[in-house]
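J.: Here it is, the structure in full.
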Amino acid sequence: MSYRSIYRTLRPVLSSSVQSSGLGIGGFRGHLISHLPNVRLLSSDTSSPVSGNNQPENPIRTADGKVISTYWGIPPTKITKPDGSAWKWNCFQPWDSYKPDVSIDVTKHHKPSNFTDKFAYWTVQTLKIPVQLFFQRKHMCHAMLLETVAAVPGMVGGMLLHLKSLRRFEHSGGWIKALLEEAENERMHLMTFIELSQPKWYERAIVFTVQGVFFNAYFLAYVISPKLAHRITGYLEEEAVNSYTEFLKDIDAGKFENSPAPAIAIDYWRLPKDATLRDVVYVIRADEAHHRDINHYASDIQFKGHELKEAPAPIGYH
């Protein structure tokens with residue numbers, strides 16, 4: 001069970017505890033962490049300044065020397081892992097980590113059945129041609145470009161649904177959170193790969209250009225036809241699954257070094273300490289397959305004439 005699932009189970013109980021005890025945000029977080037397995041909270045007291053070992057090595061201070069986090073009542077909380085070492089990541093917390101469902105079918109394909117489907121499918125097929133010609137078997141570079149693009153659809157969709165929810169004074173059915181989770185998960189893929197390889201200047205230039213063009217194009221597509229946008233993303237994720245399958249084949253064939261997994265990957269996907277690059281690519285491929293299903297699912301809902309809020313949102317779906 002993931003920390004996120006545990007949180008959803010405990011949330012009603014903890015919420016009532018917060019209301020009855022008057023705990024603040026920091027106190028609530030400490031109360032939550034105390035219920036999580038294999039996680040130990042060293043300090044969560046927000047009622048008094050944090051001092052000593054609970055302060056970061058170089059805290060940000062105001063002009064008169066006050067530590068900003070303490071001044072605003074948001075002191076850092078120290079969390080330890082089961083082996084006693086400190087949790088060192090600020091970009092995600094223990095309850096954001098999870099064990100991926102690697103049993104998902106990675107060969108599933110949505111067969112285009114109408115004009116919109118065919119347009120989405122051939123758009124993706126056309127876009128992948130220059131990418132394949134440029135990267136060929138340079139899997140790490142290809143993966144980094146792929147993840148900078150793959151993190152865009154969830155953010156755009158979540159943002160537009162957020163604005164729609166505010167504009168219409170109605171709930172989104174959980175789809176805002178689901179799509180933003182997808183975007184964050186894709187970003188974590190990128191953060192993992194940059195631990196293994198740094199892009200060259202021209203690759204950064206390509207990312208800058210491609211991301212700018214794709215963000216605006218996808219934004220317009222989502223405004224005009226969300227079902228088309230989700231279908232495009234579904235096919236993009238199918239290609240992502242295929243590219244990671246090729247990556248795995250080359251690792252298995254000895255064409256790409258199976259180096260140790262970076263620490264961030266071990267903590268994020270709760271991998272064993274001796275995990276390798278192959279293990280990382282394997283779980284990332286599973287993530288992409290889940291994103292594929294989410295977006296084809298979202299498109300199918302809208303093709304049937306329904307709004308996303310009418311169907312259960314796949315929150316925490318990995």
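Cβ from N, Cα, C; glycine included.
Here's the feature list from Swiss-Prot:
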- E147, E186, H189, E288: Fe cation 1 binding site (BINDING)
- E186, E237, E288, H291: Fe cation 2 binding site (BINDING)
- 1-42: transit peptide (TRANSIT)
- 143-163: transmembrane segment (TRANSMEM)
- 205-225: transmembrane segment (TRANSMEM)
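Provide an account of the burial state, proximal residues and distances for the features listed.
T.: Under 8 Å, Cβ to Cβ, and six or more positions away along its own chain, E186 (Fe cation 1 binding site) finds E147, A150, A151, G154, D287, H291.
Within its own chain, the transmembrane segment (143-163) is flanked in space by residues 131, 135, 172, 175-184, 186-187, 189-190, 193-194, 197, 199, 203, 206-207, 210-211, 214-215, 218-219, 222-223, 226, 229-230, 232-233, 236-237, 240, 243-244, 247, 288, 291, 295, 308, which lie at least six positions past its ends and keep a Cβ under 8 Å from the stretch.
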J.: Whose Cβ, among the binding-site residues E147, E237, E288, has more other Cβ atoms within 10 Å than any of the rest?
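T.: Highest number of other Cβ atoms within 10 Å: E288.
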J.: Just to verify a number: CA distance, H189 (Fe cation 1 binding site) to E237 (Fe cation 2 binding site), in angstrom, no decimals.
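T.: The separation of the Cα atoms works out to 13 Å.
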J.: Within 10 Å of the Cβ of H291 (Fe cation 2 binding site), how many other Cβ atoms are there?
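T.: Excluding its own Cβ, the number within 10 Å is 29.
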J.: What does DSSP assign H291 (Fe cation 2 binding site), in three states?
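T.: Once the DSSP labels are grouped into three classes, H291 (Fe cation 2 binding site) ends up as helix.
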J.: Roughly how many angstrom lie between the C-alpha atoms of E237 (Fe cation 2 binding site) and E288 (Fe cation 1 binding site)?
T.: 6
J.: Using the Cβ center of E147, E186, H189, E288 as the Fe cation 1 site position, which other residues in that chain lie within 8 Å, going by their Cβ?
T.: A143, L146, A150, A151, N185, R187, M188, L190, A240, I284, D287, H291
J.: Determine which residues of the same chain, besides E186, E237, E288, H291, have their CB within 8 A of the center of the CB atoms at the recorded Fe cation 2 site, and list them by sequence.
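T.: After dropping the recorded site residues, what remains is A150, E182, N185, T233, L236, A240, V241, D287, A289, H290, R292.
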